[in-house]
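Q: Annotations for this protein, taken from Swiss-Prot, read as follows:
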- 188-393: domain 'ABC transmembrane type-1 1' (DOMAIN)
- 479-669: domain 'ABC transmembrane type-1 2' (DOMAIN)
- 10-30: transmembrane segment (TRANSMEM)
- 85-105: transmembrane segment (TRANSMEM)
- 141-161: transmembrane segment (TRANSMEM)
- 271-291: transmembrane segment (TRANSMEM)
- 318-338: transmembrane segment (TRANSMEM)
- 347-367: transmembrane segment (TRANSMEM)
- 378-398: transmembrane segment (TRANSMEM)
- 425-445: transmembrane segment (TRANSMEM)
- 450-472: transmembrane segment (TRANSMEM)
- 484-504: transmembrane segment (TRANSMEM)
- 517-537: transmembrane segment (TRANSMEM)
- 620-640: transmembrane segment (TRANSMEM)
Amino acid sequence: MDSITNKRSLFESSHFWILLSLIAFIALPSKALDYGLLESTADEFLDAMGWSSVNLTILWFLPLIGFWLLPSLKLSTETQAKVELGLISFILLFAFISATIYKVSMGYSVIVLIATLTALATFAFAKLKMMQGDKFIIGALLSIILLIFFFIVYPTVAIFISMFYDGETFAPEQVVRILGQGYIVRVISNSLFLSGFVGIVSTVFGLAFALYTTRIAHRTAFIGKIFSILPIVTPPFVVGLGVTLMLGRSGYVTEFLDTYFGFKDHNWLYGFNGIAIAQILAFAPISFMILDGALKSIHPSIEEASYTLRANRYQTFYNIIFPLLRPALANSFLIVFIQSLADFSNPLVLGGSFDVIATQIYFYIAGSQLDYASASTLGSMLLIFSLLIFIVQYMWIGNRSYVTVSGKSYRGDVQDLPSGLKYTIIVMLGFWVVFNFALYGSIFYGSFTVNWGVDYTLTLNNYAMLFGQGLSDGAWPSLINTMIYAGIAAPLTALFGLLIAYIVVRKDFQGKKTLEFLTMLCFAVPGTVAGVSYILAFNDAPMYITGTGIIIIISMVMRDLPIGMRAAIAGLGQLDKSLDEASLSLKGSSLKTIWFIVFPLLKPALLSALVTSFVRAMTTVSAIVFLVTADTRVATAYILNRVEDGEYGVAIAYGSILIVVMMAIILFFDWIVGDTRIPKSQAKKAD
């Protein structure tokens, strides 16, 4: 215990942190290394050291000595804390502004400097009794603010600023010129029309299936769980490729229609039709999950009251249930609208001549003519549309209350749906199940064929090309990279999500709503825009981290941060605050309270967030497609390259492997989470 106390007191010493930064300045590069620590030459390493010559980086560390001199001024505790905060702000601003002006990319020692300044700011705020002087909470809050600023706010601002620059020249008129082009106007209108259509149809299908699982199904309700898992584990491009195998030029449905009905338009799929079909297949489950939860929260006693007043089933549904679902319906439409706007993979496979914003941004960056100005302008437009929708959803729908559950214990039974609606839903679900069965069957079968539409001979060549060339060739490097990056990103996502949730739910401070809003903003920023903004923000001074695995991990963490936060917020809402207060009253620190009280009780929710974050990190493409290199390529980028080269069989085979792997991971974690819950029999014995 004494050794632990001594270690803790060491970390709570400002002298320790200042000394650590000075040691880092001597031992680590203060300027960025183009080829990293392991591959840089001795001369490159020496040139990057801050002490190797008189340079700007010395001035970033020199003011730290001021913290050793402050006690000699014998200021009051409050005054000294304010002076320290002023000095910390000066060092941070001076370092980043000077690095930007003089094009100096920051090195590893600056990371230690930022950590030191965060620790010193924590001590200063503790002296001012912020958060009751709880250093752990203050430090966690400051770390989260820095994380959000550097990797959400800063890149978002960077993409807006860059659209007014033509290279190094300030050219605001180019925005009007780019947006005034007829082609760009058509791309924007295509995207908005497609997203609106997909949003409406996906919400209709989602409502139908939610009504089936909550009002019709008895033994077949498990279909809802399968329905909600499939889109999560399906990698990008795979749904689009599966639709192509069925309905494309050489698809078996197209050939059947041609043979028996004389259907000759074999290109009908490529364009709006194909993108809409693929997106509805991918996003209707999102609507289902939203509306399924909303329907389960409607108290059956309301329906019984309607029948008691002699209303028939049609009147009850359209006048009672449907109005209560309006917030969820609007929420579903807006979320699917954003997802459709941001979708990159399906338009790339099925778009044909129907161009949308997300793919056009990709072509501006990865195409033959590099055009950052047009990419950032279109990215800004896409971001503006997404942010407007997100703000409407967050501020309007989020603040509306349609409470139907009171404190009374009577539950009642849900009533039957109108017969016409019931049979319509059953027909819709039957069609959907058959279509999805054929779709995924085509995907798995297609991965074993020589050439779909030409030669259906079964073969293992596609899998041999992927995994039969050794660990250093084929798909192995991308799969290993993906597992490593996702394995690092998922725990960080859950950890930061827990910290943010604990601070937002359990602590009161100015700016709490802003912090929560900015964290949820990660969901609103389309993946393509996030990728472009990271290139613009981190491809030059002051922070140069493009081309590294670090930026990919950061992108994965920031994209999925709301998942961990929302899971922890939901769990904390079920834990009485008196548990925390009891721990703190026994002189337990906030860190011990979180680790020994909160974390064990939130384990099921956090494990679910962990596996969801892991799977999303495994399947992300639009946010990282611009960030990967030959050395950091991930699975989805490998699939994208195969699609671009026309190697559909190899791409489908890789997608099939990922589906199986991720389904196994989800089922494994579902089994673990099931074991972490207390069985009812044990709970009764404990009582």
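Just so you know, glycine gets a Cβ as well, placed from its N, Cα and C.
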Q: Tell me, please, if the transmembrane segment (517-537) and the transmembrane segment (450-472) are in contact, taking contact as 3+ Cβ pairs under 8 Å between residues separated by 6 or more positions?
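A: Contact between the transmembrane segment (450-472) and the transmembrane segment (517-537): absent, because fewer than 3 Cβ pairs are under 8 Å.
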Q: Any residues 6+ beyond the ends of the transmembrane segment (425-445) with a Cβ under 8 Å from its own?
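A: Those are 205, 208-209, 211-212, 216, 223, 230, 238-239, 241-243, 245-246, 252, 281, 284, 417, 652, 655-656, 659, in sequence order.
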Q: Grab the same-chain neighbours of the transmembrane segment (450-472) for me: Cβ-Cβ under 8 Å, and only residues 6 or more beyond its ends, written as numbers and ranges.
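A: Beyond its ends, the transmembrane segment (450-472) has Cβ neighbours at 245, 248-251, 255, 480, 648-650, 652-654, 657.
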